[in-house]
Each structure stands twice: as structure tokens, then as C-alpha cells.
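Chemist: Structure provided below as C-alpha cells; questions to follow.
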Ligand SMILES: [Cu+2]
């Protein structure tokens, strides 16, 4: 059923590829490129009647992505990647002009078996040259894809062929090694999975095998094209070029073994945190980890250019948050010049300003949680800073966030969203009446003039002497308290 759905999607999204740069006749001997432009998660794909060089495998599911079908020709698996401009919907109402492969960014996942000989045609329909580097693979030097070093770059309108044997099983990715900063800032990347051809002592059979790439963009709110010269200050934190609530959930049946393969092609690290379960890192882009080297984690830091395989038993039912633990990576695009307003009382002021500036809003005087439900006027093409609505209200998350949905009645192999979890009665946090809560004493108020190092204490000293002492270390940290001299 999943496969049928995929083919329906593939057929619906398949366009006869023709352009001025590469005529159909020029591609006559090549496998027809398969194009898919929808951002929903395609079901697992296995080639009909072909299992590759090894035993049957459990296909991966690419989060908000898809696996590229191949053509088997004389025992070689032939793929056709087309590098081209695409439009990617990051979340409903937010579409961005990117560069990608075969209609999508990231490009489709390439999925093969250890020992397979693969031949990959790469057609360049970008306005500039490109290459593809096969991150992590063992291959002949001339197939490694570093433009200028291993090969001449692929000019616009031309097709190059890469051919090698997928020598070791594992988790890999592909991306250009030509004008790399620009081309990766525009979304050119994809996943690669090589399944083991025999039973491997360090590679478990899993019931579900998910994969996605971490990526980041700098898109000015309201704009449609990323700024490509940004080096560090990105504002869109995405998984497979999707942002919450545009990222699909990972679903599992209670008790299943689940693998999540993640690669980081951003310019910073991402500590990926999964609620509700513990996992082991069972592999990197260097291969499977030795079982005796593994330990339990709930957060795995994935550094720049690294890949990690997280594996766990989904043995707790519920809707579990799964997200990057850098809190600004679970936010949408925002202005950075917003001052901290917690504790500032604006009562009365807003109405007065709104007479002059009708859209005026105060941000954050009680924290930023209000942002999750505010109807802020947004530019036409962006997404709210904190959004996504759960069964109990705004989730107050954007960017690198989704959920792991574990259900006892999720059918095996069914990847459909089961909806929100209903907690059994008596298992959810609940409010109590004020007279039923234990007394909650307030923290003592600090002396009013604690920062006035040069003036005499103005507040009356507390009766018990223990409160006088903490003033000294506070004063000592003041850089302009010259008479302490600790920084000379
Ligand atoms: Cu992050």
C-alpha cells in the first residue's frame, strides 16, 4: 500500500524533463530522471523484483523526502540526478527558491546494498558549474567529486557520470564540492544509505529506519530566496528543508526498534534530543560503532559535517518531543534586536501607542510564550517565530522540532500520522486549587542598591547577619570597581 502510494505520487510528480540546455535526445541513453516536488514523507521504496547485491533490506524512510528509484542495467544500479532550481515549501505558506536535485531540496535519498556497483548520471541545470562529492564513501579518487582536484567541474547543461562500488555499509550524504558555500546555502544536498549485504554483527535489523539532514538558511522574512553569502548568522533551522510545524512526525509501533540517521550540513552543531526513551549511537559516517563502545544517551550532539545513527526501542507510548536542544534553533525567523522585556509593565501604554501605530505590539513582558498565540502581522512569505498547535494549545516551537509518536496499535509498516496521543486518565499533569497547594515562600528580595558599589548601602540591613556577606563577591565582579584591582 505504501509502495502503491509512492508510485502514485511519483507518477503524479513525474514531468518529462526537457530544457533548452539538455535536449531529450542528448539524454536518450540515460535513465529517465524521476522528479518529485511534494514535501510530504514518501513511504519506503524497494525496487520491484530486485533486492540488489545482498539479502532483502528494510528500506529507509526519508523525513519529508523520498528515495530515488534506479534502473538496473547489466547488473549496475543506474541513477539520474538532475541539479536544478526548485521551489521548496518549508512550511505551509512559506515557499523558498532553492537549488536541489530532481525537483526537491534536499535531493532524493540514494539507497543501495553493500557491494552494489552504482552508476550515477549527474545533469547540471544550474546557472553555474557543480560537482557531487559522496561524503564518507570508499571510492576511486577520481569519483570523489572535489571540483578542480578530482575532476573538472560539470558545466551548466552537461552531464557527468560517477561510477563506483558501494564498498561499505552505512550512512552517507552527498553535496557539491564546487562553489560550496553558495550551493549548500541554496540547499544542494542529499542522503545516501548503503545496507549491509549479509548479517552484520554491529548492524541490527530495525523495524523502522528514518533519515534526514540538518540544514540552515538565511531567508529575510518576506523574501523568497536565501542570502547566499551568510557565513554563520542563519535564521531558518530546518530538517530536510522543512521547519516545524511543517516537519512530519516519526511514528512507531510500541516495542519496535527504530533507527534515526541524521547528517549535519549546517555551519554549527546540533544537540538532538529525544524525549521519553534512551538511545544508543550505533553508527557514524565512519561506519557502525562497536557494540562495546556504546552508551545510553537522550541527547546526541551532531557536529558540522558529521552523521549519527541513533537507535532505540520505542517502548513508551505517547507523543514525545524530538528537537535540537539549542533553543534558538526551535524558533522561526525573528528580529535579533528585541530587548528583554520580562518584568516591564506596559499597562496602558500599548493602547496609547496603537492610536498612532495601529499594529504596535509589546513583545515579551511576561516572557515570550505569548508569541505562540499572538496574531502578529507577518510578511507574506515567512512563518511565525513560535508556532505549531498541539491538543492543549500552542507548542511554542518552530524550526528543528517534531514529535516521535509511539502507539500500541500503529500497524507495522504504517507511517501515517496517528493523530494526537490521548493520555490515560490520571497520567497527566493537572492544576490544583490554591488552598490545596503547599505554601510557596518567595525568594528574598535582593538589596535595592546592590549594584551601586560606590554608594553607601541604602536598604536597611536584614536583622540576621548572613545577608550582609554576599555583597562582597558581587562588587568584586564589577569591572569599573577599580579599587578592587583584580583585573590588573
Ligand atoms: Cu540546532
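Please read every residue number as a count from 1 along the shown chain.
Just so it is clear, glycine is given a Cβ too, placed from its N, Cα and C backbone atoms.
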Chemist: Quick one: which of 13-33, 34-54 does TrEMBL have down as region 'Disordered'?
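Modeler: My reading of TrEMBL: the region 'Disordered' range is 34-54.
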Chemist: Pull the DSSP breakdown for the domain 'Plastocyanin-like' (224-337) and write it out as helix, strand, coil residue counts.
Modeler: 7 helix, 51 strand, 56 coil
Chemist: On the 0 to 100 pLDDT scale, where does the domain 'Plastocyanin-like' (224-337) sit on average?
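Modeler: Average per-residue pLDDT within the domain 'Plastocyanin-like' (224-337): 92.
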Chemist: What is the three-state DSSP composition of the domain 'Plastocyanin-like' (95-197), stated as helix, strand and coil residue counts?
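Modeler: Grouping H, G, I as helix and E, B as strand yields 9 helix, 47 strand, 47 coil.
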